[in-house]
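The structure under discussion appears below in the form of structure tokens.
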Ligand SMILES: Nc1ncnc2c1ncn2[C@@H]1O[C@H](COP(=O)(O)OP(=O)(O)OP(=O)(O)O)[C@@H](O)[C@H]1O
């Protein structure tokens, strides 16, 4: 547990954390000494000469004062370290996130991250403040007390020492049971949280199809699974905790019986027997209290493991000596890629070349690998075989900062910050002037949007850009990419229905950018964009089925021509009302 914690907090916080844990351990040891000092004090008090207790009482009071100071200091230090560890963990997670490749940020991981940065970090930072002190009291105090017991009476000390390993085993088993089933409950709770989110987001679809009630089935199942996992946790953890509680009482009973036996046989004087019983009662108390902590400890360890899984995720390797691209041409050479080692090949030997000053349309059926190809160009992931080159240099050799300066990407799932339109565009260049904004806005078709809004550039876009339409969001995103002034631009044309004006914006921007000499790749869904391209690369099943100028491919009557005809027919369909 402590290793997992030190690993999570990293080298900066490891020193203070170690100091805080060491101080807590010392406090528990001093508590054991205090308990041990009760024996001579009580023995003397119960003897025919109570005055003999005086010197021991002085020692006990001195030790108690020292203990009080140490306990207060430890509490203060633990709170400080807990706060620093919490801040440190957030920073470490933040630093790690900016290093992780964009391909790491799947929907599921983003949900998991949300839970880690809120719940898991706060539960884990409870460890030095609330969880470790009772653990140290349960382990260190009894060990010191048992050593003292052995000093006063070796037979009782031996009996107690024999019980301690048994208690430790039962304590660990109780914690393991709670930890294992708490992990399963956590997973079920995560699933339920995702289903609640899905249920809320799917409301428009469910209602449009009159299936609002059926839509709850997955949610109900997830909530039932969470409830079931919680019941399993209780069913497994409670008996284990009761077992531990029984083991503590058994230890006390053994020592009580042993003391009575020795006293009754005349081997132990009555005052000493009473004093030893008080010592036994004192040190079994923190042992019993630690039972409940064993479950909480294991749960905290589970949270630490979740945090460590994020911190241990491997960023894509950066080159030792980055090589700057020698131009803006893009080349895929025998690119093979799967999203997971056991998953299917999403790209299977893709070759393509795009020159500066040209527009390349990536075309193909849904799932053919167009978006994946664009992601590999921006190095969201590394290829499994082959290479992606920019300006003649493998993207793995360029270095992520330099590559990001060279490639601007506009994906369909545009994310806007809850800030003004101007601030959202300026993400690409915080120093951009209003004239710069106006220039890119004109190219991206954002100028008309800004002109129509009462607050113009200062209009706030709401969370995720919710105050704008899908087409408006895409224009902001295109303007942002244009402001970045990257020599390579990748545009993912919205496949969802946009109005004709919005649709035309992407084509116009793509054509204008190519005319400026940039290398433009468009994941194209509209015939007009495809027709405007210098070359079409038709992907099918992760392979390039055909490539060439659009007119040539249409004339050839191959896969691309078939695809365009089918699309055209589909676009010709009209939805008509059933009403007369
Ligand atoms: N993050 C991911 N993890 C695992 N598989 C993925 C991931 N993203 C895409 N895929 C899979 O890779 C394949 C290619 O997807 P991709 O999005 O590249 O296709 P596409 O041609 O862009 O499709 P569309 O036109 O529908 O956007 C699909 O089978 C898809 O399910």
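A Cβ is built for glycine as well, from the same backbone N, Cα and C atoms used for every other residue.
Looking at 218-240, 241-263, 264-286, the range tied to transmembrane segment in TrEMBL is 241-263. Cross-referencing 158-175, 176-193, 194-211 with TrEMBL places the feature transmembrane segment at 158-175. Here the transmembrane segment (241-263) has Cβ contacts under 8 Å with residues 153, 155-156, 159-160, 163-164, 166-167, 170-171, 173-174, 178, 269-270, 273, 276-277, 280-281, 284, 287-288, 291-292, 294-295 of the same chain, all six or more residues outside its ends. For the transmembrane segment (158-175), same-chain residues at least 6 beyond its ends with a Cβ under 8 Å from one of its own Cβ atoms are 138-139, 142-143, 146, 149-150, 237, 240-241, 243-244, 247-248, 250-251, 254-255, 258, 280, 287, 290-291, 294-295, 297-298.
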